[in-house]
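*Asks:* Questions regarding the structure given below will be posed in turn.
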Amino acid sequence: MIVDTNAYISSMIMVLLSCAARDFLIPLFVWKNHLKNKSYAYRFWFCVITQASLQINLVLLLGFLDICSRGTVIGCNIVIYLLILWNFSDKKLFRRLKGWSDAFWEAYRNDRLVSYLLREAAGWWKTFIRTAGGWRIWRYMRTHWLEILLMAGLIVYNIWFLTYNVMRYHCYQFSDIPVHQSWIYELEQGNLFSDGIYPFGMHAMTYIIRVLFGLNLREILLYAGAYQTVLLFIGLFILAKEIFYGKYTPVTVVVIISLMLNQGRYAASLPQEAGMYAVVGIAYFMIRYLHGDRKKFVIEGDSRFRRVFRAGCYINRRYIRSEEILLMLCIGLVIAYHFYTAIAAIFLVAAIGIAYIPKIFKKQYFIPLLFCGIMGAFIAVLPMGACLAKGIPFQESMAWATSVMTGEEWVGSDPDYQSELAQALDRGDIGGSLDADQEAEEETQKVEVDYSSMTPIEILRFYSNALINFGILAMFGYAAIRLMFLCMLSGAVCAVLFMLRKKTRCYGHDYMAMIINMIILCTMGAAQQLGLMELIAAARASTFAEPFIGFIYMLPVDFAFRVLGGWKNKYYQAVLNVISAAVCIGTTYMIITLGWYHSFFEINQAYYNESEYLLRNIKKSYEKNTFTIVSPTDEYYDVLDYGRHTQLSEFINMVNGKQEAFTFPTEYVFFFIEKKVLQDYFYGPVNVDLKYAAMDFVYFANTQDYYFERATIESQAYYWALKFKQIYPRNFKVYYEDDIYVAYIMKQNPYSPYDLQVDYLSDYTDEIETNGW
């Protein structure tokens, strides 16, 4: 199998740089005056949150108005950014432009234009060097060089780890990514919610990359998952800096999740995981707001009764500032990315709220936070509601999510492929085994627990065992989970001790919030075993829980650092910093030596690398719309902007005479055929063979044709190509071939195309009859 490493690395770098430019380069320039004296944590959150909110809602608005296109998106962005720049400027732009134009014209009239331009460029360069030399970041880097170096190393490591198998098998990590690819492609054609209303945050942000940089859609979806996970880890680092005392404890938090993460979904471009950074952003801004000392709004002469009704006094700039606006936008983003991400955010908000009782219910905290929550949800729900009123229905996965919560069986709108295939082939053995397995699995999933017959101690033991079992099955091994619960228990004790002192009380609340959040997620994951309603599947619960595992492990450690850090002597603090760095290094060593280090994530290999390699070269070598690709579905959206595509299954069905004959309208036609079948449901990864070619192929015009009947399709295509090459050796040739793959090229006159229906098994009739095929 071809592994074009250089091309893959180049593509990955382009995608990562494009995502970084979209999220950071543009907003850092446009909002430079607003961000001038802000912390680097604020700048990070401001860039990723405002840019995502702006682009997602802009795409949804233009799509709702049916005017979404590359031109309108770029035009609206230019107008918005110019308005922002003008708002933060000294309003003397036109005066300066007039001065520049006058000087330019004067230099042109006096024949000294070149010297003028060189002098101005040199002046701009000197000004830039002088300004850049005064940036605060250099001073910050000198004092935090090790922290920056460690985080940079972790970022590089995570990009390498998350894309490791993508570099070997250039395929999507999950089978549902092509569905999202199709929605993004439809969005490019101006069709918003082409398959029904669905959280469109990730799709809109991917579309923006396509609009601004024109990168290949498949390449973006292959590598954007690594980028969004790195964003999540940086967000976790910033959140840990807000909670923990040890200088390198936040780095240790990222080390733990980087080395132990075993949820392959974080390597993929999936909506749920794409929005997880916004969940962390909610926690960050909510905790920062609760850390602040907010005063009540009191009007002299008001009675206590009248003060109750002055809720509006807490909805103003005194209580809702830029950070609270970012909290509001984060809430909108988690809904815009995925409803399950919104559920994870609800759990985290509930955990923080419970941990901060009774402080959270004070009006100066509760009312602004409630207002931000309501407005954030309104921002996210409004576009969906408008499209629903327009007549666009919900995407059917919404009904699937409802069935998961209610415990009902999901049937879906598609027919049962296996049953129809068995009926068409008159084979009852095809659908029976799988149905039996599904019924057995459903029976094992139905758990009823009689809590009335248990004592409180038995209920507590049963509950704790269920949580531990969930952790072992869905997250890590027994030893790691056991340590996690021990850290939760000891962390709860540390939190209570911190709450006893006013100076450390807020950190005790933070500790408790992390513990409660983990308990809620583990409870949701163990819902089936506990006999509770399953709001989210166990796999999704573990996906939400794993990013916070580092916080749990570090609770007792940070408690020790905060207690020991009471003495502010700089030499003593330097020693603590060294110990903190040693803990970070020791944690890395412990994870590796104990065998807790994660394995590389699997890839849903739906096609060989050869197809991507060939298609890339064909697009470079042949003019647009002069060629047709005949292959499985996976190349469909990668071809449409350059040429035509025909399903290999449909082509074989036509060749077999089971549908009306058709021809290809292009000069060149390429046929992609697997010599070694990638995977067939019944036969596995087998070589093409005459016995499979002799089988009946039932065409359902469904992508599952390639899942259940791939050996038949590829074998019939292979023998058809051999026969056609024998008939037309001059115009039907091998374009590429290796031990597992072959591609043919057919050159024809589009005005007199070839008749493709040939009896490709006529030379093998005796062999087929002899073997009873």
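Just so you know, glycine gets a Cβ as well, placed from its N, Cα and C.
Keep in mind that TrEMBL annotations are predicted by a computer and have not been checked by a curator.
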*Asks:* According to TrEMBL, which stretch among 196-213, 718-735 corresponds to the feature transmembrane segment?
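*Replies:* That would be 196-213, the stretch labelled transmembrane segment in TrEMBL.
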*Asks:* Per the definition of 3+ C-beta pairs under 8 A with sequence separation of 6 or more, do the transmembrane segment (325-357) and the transmembrane segment (574-597) touch?
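*Replies:* Answer no: the transmembrane segment (325-357) and the transmembrane segment (574-597) share fewer than 3 Cβ pairs below 8 Å.
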*Asks:* Is it true that the transmembrane segment (470-499) and the transmembrane segment (548-567) have 3 or more CB pairs under 8 Å, sequence gap of 6 or more?
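*Replies:* Per Cβ check, the transmembrane segment (470-499) touches the transmembrane segment (548-567).
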*Asks:* Is the transmembrane segment (71-88) in contact with the transmembrane segment (220-239), using three or more Cβ pairs under 8 angstroms as the rule and ignoring pairs under 6 apart in sequence?
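*Replies:* Answer no: the transmembrane segment (220-239) and the transmembrane segment (71-88) share fewer than 3 Cβ pairs below 8 Å.
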*Asks:* What same-chain residues lie close to the transmembrane segment (196-213): Cβ under 8 Å, and 6 or more beyond its ends?
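*Replies:* Distal contacts: 14-15, 18-19, 21-22, 52, 55-56, 59-60, 70, 73-74, 180, 183-184, 187-188, 220-221, 224, 269-271, 274-275, 333, 335-339, 341, 384, 387-388, 392-398.
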*Asks:* Select the range from 6-30, 145-164, 548-567, 574-597 that forms the most Cβ-Cβ pairs under 8 Å with the transmembrane segment (71-88).
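*Replies:* Looking at each of 6-30, 145-164, 548-567, 574-597 in turn, the most contacts to the transmembrane segment (71-88) are made by 6-30.
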